[in-house]
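Inspection log for the structure reproduced underneath, given as structure tokens.
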């Protein structure tokens, strides 16, 4: 084992104070005696100690800081990814707790995505090192001690937005009291509630179009007026409030790293709307085919032309960030064309790569699609309006019917909104975003 001659005194005093003192005294006496008996040879002390092996220790490296962040991560979006990116920046290793389906149902209402799907999404993020499945909704003392002792967590992380339990107490009070809490800046402009609202608003718009124009509920393309899609997005209640910046794109990117010489580059394109577990799995499969994965993200206009006027749900830059956050994507083309042409690599979208013999069709290991996710919400929209927009564990009593439940939830949600509005009015800037 390696011995550091610059630190032998410090290590000796710290680990073996009594023995070190005795050795130093002996060395001093030997040094005194050699002034009279010059023929006696005294070994150089550091090397003598090294041979004896008293301080033979490995160099101690800097302790790696492990941080923990939890969440439901339902309808996962770039806001979740940005929160985990910030959390990772506060330490060296990021451990993420994914709340169980049962805990979400008990505290907020039924999740849109299953635990398995949410685990795939979280595990697929480039900043996540470990995942704890079935994490509790609130961090009680037992679970907090488990984090500290079993998982060696140094700090528990949460956003600067309030997180209150049904009884009105701070969900992270114990971590704060223990001095093991750190805070990050909440990513504004998107939320799971917002996405549910966009989907439901889109369905409402489609039904209006169906009544007036006889269009399909599935939003089949209507090329008679491609501007209608933009008009619908402008008039609907599902407009994104996200303002993309070059800084955010850089934060999500891989530091400008391109493919190495002679690397096998794989290209895959798509809309990647409502980024889900199926997207993660298909990107993983594509990445395994080569050394560098380039992902083309179709523009909003292209997606609208191909899938209908009320698509996409998430706009181009939101979708691009979701793909960039995935550990399997090395680079993205923002606004990639529908046809894969030679300058990248026409009746047939992939006519050119097929003619070059470089085309391969991949089947997604998951049956989940953007449409199926939206259909889950549409099919149970009353539950999700109550469960997502108005978390219902806050009911102090067992409501007799849906009417009582709705009234109770609306009252409590109004209090929550007032509390959050006050918080944001008084909040302080949190650095590190």
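Backbone N, Cα and C atoms are what each Cβ position is placed from, and that goes for glycine too.
TrEMBL has this to say about the protein:
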- 211-221: compositional bias 'Basic and acidic residues' (COMPBIAS)
- 68-197: domain 'Cytidyltransferase-like' (DOMAIN)
- 267-348: domain 'Cytidyltransferase-like' (DOMAIN)
- 211-238: region 'Disordered' (REGION)
- 12-30: transmembrane segment (TRANSMEM)
The domain 'Cytidyltransferase-like' (68-197) - residue tally per DSSP class, helix then strand then coil: 48 helix, 29 strand, 53 coil
The domain 'Cytidyltransferase-like' (267-348), counted residue by residue under DSSP: helix, strand, coil: 28 helix, 18 strand, 36 coil
Overall pLDDT of the domain 'Cytidyltransferase-like' (267-348), taken as the mean: 90
